[in-house]
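Input: a single structure, listed below in C-alpha cells.
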2 protein chains.
Amino acid sequence: MLSEFDLIKRYFAQHSCTDPRIALGIGDDCALLNPSPGMQLAVSTDMLVSGRHFFADADPYLLGHKCLAVNLSDLAAMGASPLAFTLALSLPEANPLWLEKFSQGLLVLADTHRCSLIGGDTTKGPLNICITVFGELPPGSALRRDAAQLGDDIWISGTLGDARLALASYRKELSLAPLEHQLAATRMHQPSPRIALGTALRGVAHAALDISDGLIGDLGHILQRSGLGASLHIDSLPAGPVLARQPLALQRAFTLAGGDDYELCFTAPVAQRAAVLAAGVSSATTVTRVGSIEAAPGLRLLDDFGQPVTLQLTSFDHFSSP
Amino acid sequence: MLSEFDLIKRYFAQHSCTDPRIALGIGDDCALLNPSPGMQLAVSTDMLVSGRHFFADADPYLLGHKCLAVNLSDLAAMGASPLAFTLALSLPEANPLWLEKFSQGLLVLADTHRCSLIGGDTTKGPLNICITVFGELPPGSALRRDAAQLGDDIWISGTLGDARLALASYRKELSLAPLEHQLAATRMHQPSPRIALGTALRGVAHAALDISDGLIGDLGHILQRSGLGASLHIDSLPAGPVLARQPLALQRAFTLAGGDDYELCFTAPVAQRAAVLAAGVSSATTVTRVGSIEAAPGLRLLDDFGQPVTLQLTSFDHFSSP
C-alpha cells in the first residue's frame, strides 16, 4: 500500500505552483502565503461526509470537483478572488484509481480558478473530505450577509432546483427521461462556483450568500442578519431547464427549498440594476431579479398577480433532519 | 435536537473576538482576516479521526485541547505566531454535554494563544475533527524543513516518549503505577504547543519540525529535504519523567520512535548555542542538544561512548500501518 507521503506526492502535488503569492506549498509543517499587499483574506471551510453529502460510490472525479466547488462558492458569495486551499482527507483505503480521479477533478477546477493546493492531511478512516479555501478582496468590499438595505432588489444567479430534481430522481420520488436525469445530475455533481460574478459585484451589490440549503432558508440568513424582511416573486424564480418542464408546484418547491444549487443570492440598490446586469454580462452569468428587501420582518411569497402564496417548505439542517 | 446554527452559536461563538486582525468571524460565507502588514501567513491543517487518533470515548475537554494543540504545534514548528483557526466537525449526534466540554477544551487553549475561532462547518457523520490554523511570521524567518546546514547542532524541546508510554499502558503492553500512568497520559492528552520557543527561535535556528510520528521518522524529513545526514546521541535524548524510570531499551525505543510528543526538533549553528539556550529560558522550555547534522546521508545512532547502535524502529505512517 502507498505510504501517506507517497500518496500526497503522487496525487496532490500540483505540477506548477508558480503563483508568487504561494511562498511555500505542500511538504512542511505549514504552507506560507504572501497575501497581496493591502488585501483582506477570506477563509471558508466545508466538510463533506460520505453517505450524507454524497453517495459512497460517487464518481471520484465529480466528487473532487464538487468538494472544491462548494468552497469556491463561499468565496464567490463574499466577492473574493481565489488564492489557495488545503485538503484534509480521511480514506478507508488508499485506492490508486479513486485517488487519481478524485485529484484530477479537484485540481482541474483549482487550476481553472488559480487556486493552489498548499497543504493538507491524509489519514485512514471513514471517507471524509474537508477543504479550507482562502481568497483575497479589497478591505470594505466584502458582500456580507448583514449588509442588505431597505429597498434593495433581490437577485439570483443562474437557475435553481435542478440539483434537487436530480436527487428526487435518484431517490425514485419521480421519474425523469434519461437525458433529463443526466442534465439535472450534472447540476448536482458539478456546480459552477460564481467567482467571476462575485468579484464583479464588489461595489455593486450589498449583501450576498450562496444558496446551498435552499433559497428560503439561505435568504432568511440575510434577512435575519440585516434585521429586515422581503417579498419574493416566486414565479420569477429561475427554474433550471429540466425543472422548468415539471409541474408548477414542483418548480416552486424546488426553486424555493431545493438545496445544492450553489448559485448566488444577492441584494443591490435599485439604482444599481444596470450595473448588476453588466456584472452578469461580464461574468457570462444569468442574473434574475426576484424580489425586494422590505422593512416588515419575515419573508412573503407572492405569485405573478402579487397575491400571497402559502407553502409548507423548510430548509435543510444537518442536525434537525434525520 | 439542536439545529446546526444553534449548535455553532451556543458552543463555538467565542465570547470576545476583539482581535483587530479578525475583520469578520463566525456566521458569514467566509471569515475575513486582516493579516498584520508585511507579515507572511502560515497555514496548517490536521484531521483527527475517532478510533485512529483518539479513543471514541475520549474525554471531550482533553480532546478539544489536543485537536487545537497539534495544529498550534505546526505553527510553532514554523516559528509562526497564532492568528486564527477554523473548525470542521462531523458528529454522530449533537450531544450538548460533549459539545460543552469539547468547546471548552478547545477555546481555553485558543484564548491562551490568542488564536480566534473564525469559522467552520458542522455535519452529522462519524466523529471527525478537522482544524485549519493560521499564523503570522516575518517573511524569510520561517523554520523550514529544508533549511538544515552542515555542522548544525540538533536540538529537542521538552522531553520525549511519555505519550507513547501512556499508549503502551492503555494497551496493557506494560504496567505503570496509577500516578505514573496519569502523568504519562497527561502528556498524551494535553500536549503543549511550543509556540513561545518557536517564535524565539526565529533568526536563531535553521530547520525545525514538530515530532508527531516519532523522532527518527520526523528528523528524517529534515535530512531528506535538506539533502544531509546526521548523528544522534541516543543516550542524550531527553526521556519524559515517567519513561526515565523505565529500562534503557524502552527509553531508547520510545524517545526515538514514540510518536505524539509534539516537541520541536530543530537545527541551529554551533555559534548559536548560547542563543538557543536563551530562547529556551525566555520561553520557559527545556532545550537539549542531541546530535549534529553531517554530510554523509542517513541517520547514525551513537551511544554515550560514541559507538554506533543498531535498533529496529519505524516511524508511524497512517496508510502503511494496519
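FYI, residue positions are counted from 1 along the chain as it appears here.
In case you wondered, yes, glycine gets a Cβ from its N, Cα and C as well.
Nobody curates TrEMBL annotations by hand; they come from automatic prediction.
Keep in mind the model is a prediction, meaning the values are calculated, not measured.
Noted in TrEMBL for the protein shown:
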type: BINDING; residues: A:Asp29, A:Asp74, A:Asp210; note: Mg(2+) 3 binding site
type: BINDING; residues: A:Asp29, A:Ser44, A:Asp74; note: Mg(2+) 4 binding site
type: BINDING; residues: A:Thr45, A:Asp46, A:Asp121; note: Mg(2+) 1 binding site
type: BINDING; residues: A:Asp46, A:Asp74; note: Mg(2+) 2 binding site
type: BINDING; residues: A:His53, A:Asp260, A:Phe316; note: substrate binding site
type: BINDING; residues: A:Gly120, A:Asp121, A:Arg145, A:Ser212; note: ATP binding site
type: BINDING; residues: A:Asp213; note: Mg(2+) 5 binding site
type: DOMAIN; residues: A:27-136; note: domain 'PurM-like N-terminal'
type: DOMAIN; residues: A:151-301; note: domain 'PurM-like C-terminal'
Taking residues A:Gly120, A:Asp121, A:Arg145, A:Ser212, which bind ATP in the record, the widest Cα spacing (Å, whole number): 31
Among A:Ser44, A:Ser212, which are binding-site residues, the residue with the most C-beta atoms within 10 angstroms of its C-beta: A:Ser44
Cα separation, A:Ser212 (ATP binding site) to A:Ser44 (Mg(2+) 4 binding site) (Å, whole number): 14
Spatial separation of A:Asp121 (Mg(2+) 1 binding site) from A:His53 (substrate binding site) - C-alpha basis, Å: 20
Cβ neighbours of A:Asp74 (Mg(2+) 3 binding site) where a neighbour is any other Cβ within 10 Å: 27
Candidates from A:Asp29, A:Ser44, A:Thr45, A:Ser212, A:Asp213, A:Asp260 close to chain B, where binding-site residues are judged by Cβ under 8 Å: A:Asp29, A:Ser44, A:Thr45
CB contacts for A:Asp121 (Mg(2+) 1 binding site) [other CB atoms within 10 A, all chains]: 23
Averaged pLDDT score, the domain 'PurM-like N-terminal' (A:27-136): 93
Cα-nearest neighbour of A:Ser212 (ATP binding site) within the listed binding-site residues, A:Thr45, A:Asp46, A:Asp121: A:Asp46
A:Thr45 (Mg(2+) 1 binding site) to A:Asp74 (Mg(2+) 3 binding site) - Cα separation in whole Å: 9
For A:Asp210 (Mg(2+) 3 binding site), the three-state class that DSSP assigns: strand
A:Asp213 (Mg(2+) 5 binding site) and A:Gly120 (ATP binding site), Cα-Cα, nearest whole angstrom: 27
